[in-house]
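Now, the feature entries from Swiss-Prot:
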- ARG701, LYS738, LEU740, GLU745, GLY770, VAL771, HIS772, SER773, GLN813, GLU825: ATP 2 binding site (BINDING)
- GLU825, ASN827: Mn(2+) 4 binding site (BINDING)
- 665-854: domain 'ATP-grasp 2' (DOMAIN)
- 1-398: region 'Carboxyphosphate synthetic domain' (REGION)
- 399-539: region 'Oligomerization domain' (REGION)
- 540-916: region 'Carbamoyl phosphate synthetic domain' (REGION)
- 916-1047: region 'Allosteric domain' (REGION)
Amino acid sequence: MPRRDDIHRILVIGSGPVVIGQAAEFDYSGSQACLSLREEGYYVVLLNSNPATIQTDHRIADRVYIEPITVEAVERIIEKEKIDAIEPHMGGQTALNLAVKLKNSGILQRYGIKIIGTPVESIELAEDREKFYEFLKAMGEPQPARYRIRRDHIDEDVASIPDIPVIVRTSFSLGGTGGSIVQNRQDLLAMAENLFRASDIDYLEVNESLEGMKEIEYEVIRDSFGNCITVCNMENLDPMGVHTGESIVVTPSQTLSDIEYQMLRDSAIRIISGLGIEGACNIQFALSEGRYYVIEVNPRTSRSSALASKATGYPIARIAAKIAAGYGLHEIKNPITKSTFAAYEPSLDYVTVKIPRWPFDKFSVDRTIGVQMKSIGEVMGIGRTFEEALMKAIASLDNAFSSNIRLHVPDDELWRLIGKPNDRRIFAIFEGLFRNFDVKRMSRLSGYDEYFIEKMRNIVEALRNMDMGRIPENLLRIKRIGIPDEIISAFCGVPADTITKYRIDRNIMPVYKRIDTCSGEFEVAVPYMYSTYEDEDETPDLSGSIMIIGSGPNRIAQGLEFDYGSVKAILALRDMGYRSIMLNSNPETVSTDFDISDALFFEPVTPEYVVNVIRRSGCAGLIVQFSGQTGQNMARRIEEILGKHIVLGTSTESIDRIEDRTVFSRVIEGLGIKQPPFAIAENENDTVRKAMGLGLPIILRSSHVIGGRSMEIIYDVDYLADRAREIFAISKNVLVSKYLENAVEMDVDFVSDGTSYSICGIIVHIEEAGVHSGDATMVYGPGIVPVDIEKKIEGIVGSMVREFRLIGLSNLQIAVRDGDVYVIELNARSSRSVPFISKATGIDWVRLAVECMIGSRIENKRMEAKSYFLKVSVFPFSKFSDMDVVYGPEMKSTGEAMYPGRTLAEALRKSLQRSISSVLITVRDEDKPRIVDIARILLEKGVKLYATAGTSKFLADHGIPTETLYRVRDRREPRILDMISSGSIDMVINTTEMTAGAVRDGFKIRRICIMRGIPLIMNINLARAYAEALGQVEVDYREIGDYLQVS
C-alpha cells in the first residue's frame, strides 16, 4: 500500500524537558520519527521546548518550534503552518496527554486535524484505568482486583477494600507519579488525603498488590492491516512492586518456559489488536507459576521502546512512523539488514542487561525504590552471557560499584538490603554470595529468581582468593566471564591500567560481534558492535577514523546536553569527510542510534573499553569534549595506557591543570585575573581555619567533579566542619572560596584554536551568584551585558586561550560585582549551555569546535542577539517526598526548557504557562526591604497579594495591603496550605534563612507548590523579573529561525 496522501504537513510533538520517567529516549524516538516521515516526503514541523535535544536541530525537521508544549501553542502552530496531521506518540506522556486535550477541546475537529498512528480513542482506552479495566474484563484477560477511592467518600471507600496491601495508581501519569504500595489502612487513608489535597483528581485507582510476582514486558508493534509482532520480551530481575524503570532488566527473558513465553506473547498480541494500536506499544505482565495478570499498556513509544530498539537493533520509532504514514510491516525494509522486512521478529544470540542510574549520590533521600520512579538514567551492557552483560552494565554506571562490587556492612544490615527494594540490592546479593549466604533465602527475600543469583555466583567465584599484588594467572577465563579490569584491580591490588597494559602485551583482547536483528542469518549493512572474549572478530576496517566517546548514563549535571554535542560532532565529521566511531553505554540516546556514526560500539565509557576499541579499530583520533566530566577524567589515563597522544583538542596536560582547582587558582592569580578570595585546605581542620580567615559565607569546591558535587554556600561554622568531612571523603584537597554576595553570574561559551577565539554568547543568570549554572534561570539577549563588561570578558577569554592553549569548545563561569569580573571556573569541554546558545544564535558551534580540533583556524564572530532566550531548569522534587526545594552551588535539576521572546517579558510570560492573579509572599528578613517594590509592581498589575504574618506586617508598614495567611501551628485561619490546596494562589514567592528551623517552616509550603504545579519563586531577583513580566504582555509562537531575524 502506498503512503497516505490525505495528509501533507505533520506536527510532531516532543516530550519537553528531561524529567524523571521521561528522558533522552524521547529525543531518540522523536528524531527517528521526524527523519522517517521526511523520507516519505512529508513536511514535518516539530514542537519541543527542550533545546538540548537533537530533534530541535534543523537537520531533523523542516520547521522547529522551541515553544511551550501547550494547547494554545499547538493551535497557533496549526494556524501558521497549515497542519493537517499530528503525531503525538513520540513525545512520551506529555505529548499523549496533549493529544487528548486537543481532542476534548474540539481543536482537532475545528481544524480537521488527523491523529496519525494509534487513534486518540485507543489512547484513552489504554490510559484511562477504568476504561482499560472494563476492556480487559470484556476480553476475559486476567487482571488484579480493582477498587476506587472517591474524593468525597475517602473513609467509606478505604474501609470497604477487602485486601491489603494494595497499590495506588493514577491515570494518564508518568513514571508511576502518585503511585505507591500501601501496607495498611491507616497509611492508605493518609495517602489518599494527601493526594487529593495535592491534586484536582476526583478518584484514586487502587489495585490488588501483586508484590513478589515476576514482571515481564513485551514490546509490540502493529500496523493498520492487523499485522502484529513482538520485537522482544524483557524480564525484570526485581519482582512486581518495583517500577520497570527502576528495575534491572534482561533481554531476552532468561527464566520463562516456552509455554509461558508463548502464553504471554499470545495475550500481548490479542490485547494490542483489541485496542486498535497502530504503531509501537509496551505491555506489562505479572507472572507466577504459569498464572499471569495484565498490568498495563503504554500506547506509545516509551523508555522500554528505546531499550528494546538498542537491545535488538530493530528501530521501533522509525518503523512506527512508517506505519503512521500508512505502510504495513510487510512493506517496510529493515534498515539494519536492508534485505529483510519489518514483519520479521528479531532474533538475538546475545544478552543485554539494563541497570538504572539513581541520583542518590546527589540527594540525601530515602533510597527505597518502588512503583514510582526515582532514577534519572540507565545503562545497558551487551554480552554473550548474562554474566558478561551484567558486569558491563555495572562498569557503565560510573559510580563506586563500577570499580568494586563489595558492600561493607554488617550481616543484619546486608539481609535488610537484600529484602528491601533499594538501589544497592544487587550488590547486597553479591556481598551475600561472598559471605556464603543461602541462595534460596536470598531469592525468597529479594524476589530475584535463583537462576540469576547462581549466575552471579559464577562472577563471585571467579573473584575469590586472588593473590594481592599479582595479576591472576587465569585472567583470560576471568575476562570471558565479563569482569572489567577495574573490578579485577579491587580484588588483586594491581592498578587497573596496569592490568590493561598487561592484557595488551599478552594479546588478551576482546573481539567484536555485530547486532543484526537476525542472529547472523543475513548480511548486515550496519556495524553495530559489542565486545566479547571469543575468537572470531567482525570489526570492519575503521583505520583513520575518529572516535567520539559519549557521556554514559544520564545523571544530574551530565545529561542530554552532552549527547547533543556528541551527535553534532559526528555529523560535522561526516560533512568534513571523516569516518566516525561512537562509543557509549546509554540506550536512551540519539548517539547510540545505529546509523548516526559509521560504527557504533555499545560499550562502557571507561579507559579499558575505550582503549580496546582504539586498538582494534585503528582510529586516528579521540574526541572527549562531548562526554562531560567522564571524558575529562579519563583522557590522561587513556593516553598513558596507549603510550601516545591521541586526544584531539585541548591537551590532556592542560585539562589536568584546569581541573585541579588548586593549580588553576594559582595560574589565574599569576595571570592577574580577579577571582574570589581563596585558600587551599589540606584537611578538615585546615578547612575550618582558612574559612574563618576568609570570613563566612564561603563555598567549598573539590576538583574533577561535575554539577558542583558537594558544593554549598556555608554560613554556619558548625555546619562547615560537617561538610568538610564529607568533601574530604571524595577529594584530596579543597578550594575554600569566599562567596561573592550580590554578584551576577554569567556563563561564557567559546570556541578557540589555541590562539584565536570566538565567543558563542554570554548568558546571564537572573538569580544572584551562588546558584549552580545548571539550575539557574538564565537569559541571552540584546543589551543584557554592558559593553565594558563584555570587553573585560573578552580579555579574560583571550588570556585563558593562550595560557592553556584551548582548542575546541570551552566554558568560562564568571561573577560580576561593582564593575569587576571574577573568574569562578573554566571547563575545557563542551558545557550544558552549548545546545541552548547554539539554538539562540543559529550557529553550529560544535561544528566549528570540531573544525578547530582537526586543525582549522577560528574567526572571531561577534554575536548580536536579536531576541531574548530564557533558559529555565526543571527539578525532580515531586519524586522525592522527603527532599526540600532549596538550591545552591550543587546542581539538582534534571533538565531544561527554552522560552524565546521578542522581549524578555514575553519569554518570562511563556515560562509561567498560566495566568497569575494571586501571589503569596513569604520572605526572610534580609529580603523584606527588596520585596516592597516587587509587591508594589504586582499590586499595580491587579494581582491579589497574600503574605505570612511577618511579611504582611512589613509590607503594611510600607503602605502595601495584603491578606495574612497562617501556618498550621498558628491555629488561625485562613491557613496557607488550605489556600494553596484550594487553588486560590497562583504563584508563591518564598525565600528562607538557611537555618534548620526556617527551612523546616517553609518545607510544607514548598512541597505542596511542587505537587500542585504552582510556580515557586525562591529568589528575589527572579521574583522581580516575573513581576515585571505579568500583565498585558503580547505572546506569540514562532519558528526558532524567526527569532534570529527579529530586531
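The backbone N, Cα and C atoms fix where each Cβ goes, glycine too.
Computed from a predicted structure; not experimentally measured.
Projection of Swiss-Prot feature records onto the structure.
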residue : record                : DSSP class
ARG701  : ATP 2 binding site    : strand
LEU740  : ATP 2 binding site    : coil
GLY770  : ATP 2 binding site    : coil
GLN813  : ATP 2 binding site    : strand
GLU825  : Mn(2+) 4 binding site : strand
Distance, GLY770 (ATP 2 binding site) to GLU825 (Mn(2+) 4 binding site) (CA atoms, angstrom): 13
Under 8 Å by Cβ from ASN827 (Mn(2+) 4 binding site), counting only residues of that chain that are 6 or more apart: GLN632, ILE658, SER810, ASN811, LEU812, GLN813
Overall pLDDT for the region 'Carbamoyl phosphate synthetic domain' (540-916), taken as the rounded mean: 91
Residue counts (helix, strand, coil, in that order) that DSSP gives for the region 'Allosteric domain' (916-1047): 65 helix, 21 strand, 46 coil
Composition by DSSP (helix, strand, coil) of residues within the region 'Oligomerization domain' (399-539): 69 helix, 11 strand, 61 coil
Protein Cβ atoms within 10 Å of HIS772 (ATP 2 binding site), excluding its own: 22
Neighbour tally for LEU740 (ATP 2 binding site), based on other Cβ positions within 10 Å of its Cβ: 22
Site of maximum Cβ density within 10 Å, from binding-site residues ARG701, GLN813, GLU825: ARG701
Proximal but sequence-remote residues of the same chain as GLY770 (ATP 2 binding site) (Cβ under 8 Å, at least 6 apart): ILE699, ILE713, TYR739, GLU745, GLY888, PRO889
Largest separation between Cα atoms (Å) of residues that the record links to ATP 2, namely ARG701, LYS738, LEU740, GLU745, GLY770, VAL771, HIS772, SER773, GLN813, GLU825: 18
